[in-house]
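Participant: Next up is a structure, given as structure tokens.
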There are 2 protein chains.
Amino acid sequence: MNTHSDSENSLSRMEEMVSKLRALEFRLTPQRMAVLEVLAAGEGHPSVKEVHEIVKRKFPTTSIATIYKTVNLLKRINEILEISIPGGSKRYEGGKPFPHPHVICIRCKKVIDLDLGPLKDITTRIADDTGFEIRSHRLDFFGVCGDCKSREKLTQKQRRQRHDK
Amino acid sequence: MNTHSDSENSLSRMEEMVSKLRALEFRLTPQRMAVLEVLAAGEGHPSVKEVHEIVKRKFPTTSIATIYKTVNLLKRINEILEISIPGGSKRYEGGKPFPHPHVICIRCKKVIDLDLGPLKDITTRIADDTGFEIRSHRLDFFGVCGDCKSREKLTQKQRRQRHDK
DNA sequence: ATGAATGCAAAAATTTTGCAGAGAA
DNA sequence: TTCTCTGCAAAATTTTTGCATTCAT
């Protein structure tokens with residue numbers, strides 16, 4: 001683990017986000033800062049609802065519309081990454097706002113970052129082949145995480161026992 | 001192009017889907033068959049709404065709920081692939097019901113299939129690294145297609161002219 | 001002071017669900 | 001005949017939008 005560089009990272013992500021907003025002359029309201037803090041912390045991959053819950057602890061009157069507006073703003077200026085989860089709501093990631101692969105549990109919707117090399121070669125080839133101007137990509141793997149696998153085995157065992165009776 | 005093998009492909013996809021449904025003892029209603037036909041044809045990547053439009057031509061009273069139910073059934077038994085489009089509704093593909101890469105236009109939401117090799121090696125490594133049992137993946141590239149690029153250039157030119165006046 | 005952001009409520013958009021009746025097996 | 005599927009309407013989700021008010025700059 002590397003807690004030190006993690007907090008360094010969140011600090012700098014916070015600074016980066018704030019600079020970008022300032023540079024583009026967006027206003028730094030308390031609610032907006034609170035959203036930034038949640039996403040810059042880089043802990044997990046929260047949904048809008050989860051961000052809202054956390055922000056409301058500090059500013060209880062914060063509306064979900066404000067969270068949506070802020071998250072969409074941050075997405076538009078490429079300061080957060082949006083991850084769509086089949087069968088779940090969208091998740092947001094401020095720690096690494098560039099495309100990178102994930103592993104997603106189809107049971108508990110847990111999201112884990114992966115670190116493969118960049119797909120630059122493939123991207124270039126695809127641009128050449130299709131005439132698209134490629135701007136981003138997503139590479140996500142879906143499966144069942146260790147925890148949910150154990151739970152499934154338990155359930156199977158229970159089911160078998162029930163049948164055996 | 002290869003129209004012959006295309007229609008062969010849709011024929012066999014249709015047969016495959018029907019067999020699968022029969023094997024699992026689902027009923028082959030006219031509405032269900034119509035949905036199958038649309039998706040087995042493998043033309044494009046229609047949304048539920050688009051499938052509904054087409055099915056209604058033959059069976060005008062078909063409800064959108066039936067389309068949702070059928071599409072979700074086909075997804076569950078792995079006979080169609082679901083593609084989530086950021087800023088758009090989900091799309092479905094019956095021609096190639098296994099994970100494969102796409103290029104998606106972020107302007108007009110056009111979807112094009114790609115044919116890269118399988119990601120088997122990567123998948124195995126990820127399973128080993130994360131303890132996940134990997135069941136599927138998605139690899140999609142986002143960009144602006146040739147058509148939309150031309151349109152954007154036109155708009156830019158118009159904008160420039162307006163400013164130059 | 002000025003214009004942008006907030007909060008609220010209403011509206012959209014998408015998908016799911018319950019249930020009575022129709023129809024495939 | 002039986003049990004699944006359909007169609008309809010209602011509900012649940014998720015996200016967007018309009019507008020008066022507040023507030024950052």
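Keep in mind that glycine also has a Cβ here, set from the backbone N, Cα and C atoms.
Whatever TrEMBL says is automated annotation, not expert-curated.
Note that the structure is a prediction, hence the values are computed from the model and not measured.
The Zn(2+) binding site annotation in TrEMBL covers A:Cys105, A:Cys108, A:Cys145, A:Cys148. The annotation Fe cation binding site is assigned in TrEMBL to A:His137.
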Participant: Report, in whole Å, the straight Cα-to-Cα distance of the residue listed as 'Fe cation binding site' from A:Cys148 (Zn(2+) binding site).
Facilitator: 28
Participant: If you count CB neighbours within 10 Å, which one among the binding-site residues A:Cys105, A:Cys148 has the smallest count?
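Facilitator: Lowest Cβ count within 10 Å among the binding-site residues (A:Cys105, A:Cys148) is A:Cys148.
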Participant: Which of the binding-site residues A:Cys105, A:Cys108, A:Cys145, A:Cys148 have a Cβ less than 8 Å from any Cβ in chain B?
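Facilitator: Among the binding-site residues A:Cys105, A:Cys108, A:Cys145, A:Cys148, the ones whose Cβ sits under 8 Å from a Cβ of chain B are A:Cys105, A:Cys145.
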Participant: Including all protein chains shown, what's the count of other C-beta atoms within 10 A of the C-beta of A:His137 (Fe cation binding site)?
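Facilitator: The answer is 22.
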Participant: Out of A:Cys108, A:Cys145, which has the highest number of nearby Cβ atoms, where nearby means within 10 Å of its Cβ, if these are the binding-site residues?
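Facilitator: Of A:Cys108, A:Cys145, the one with the most crowded Cβ is A:Cys145.
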Participant: Give the three-state DSSP assignment (helix, strand or coil) for A:Cys105 (Zn(2+) binding site).
Facilitator: strand
Participant: Looking only at DSSP and grouping its letters into three states, which state does A:Cys148 (Zn(2+) binding site) belong to?
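Facilitator: It is helical.
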Participant: Using A:His137 (Fe cation binding site) as the reference point, find which of the binding-site residues A:Cys105, A:Cys108, A:Cys145 has the shortest Cα-to-Cα distance to it.
Facilitator: A:Cys105
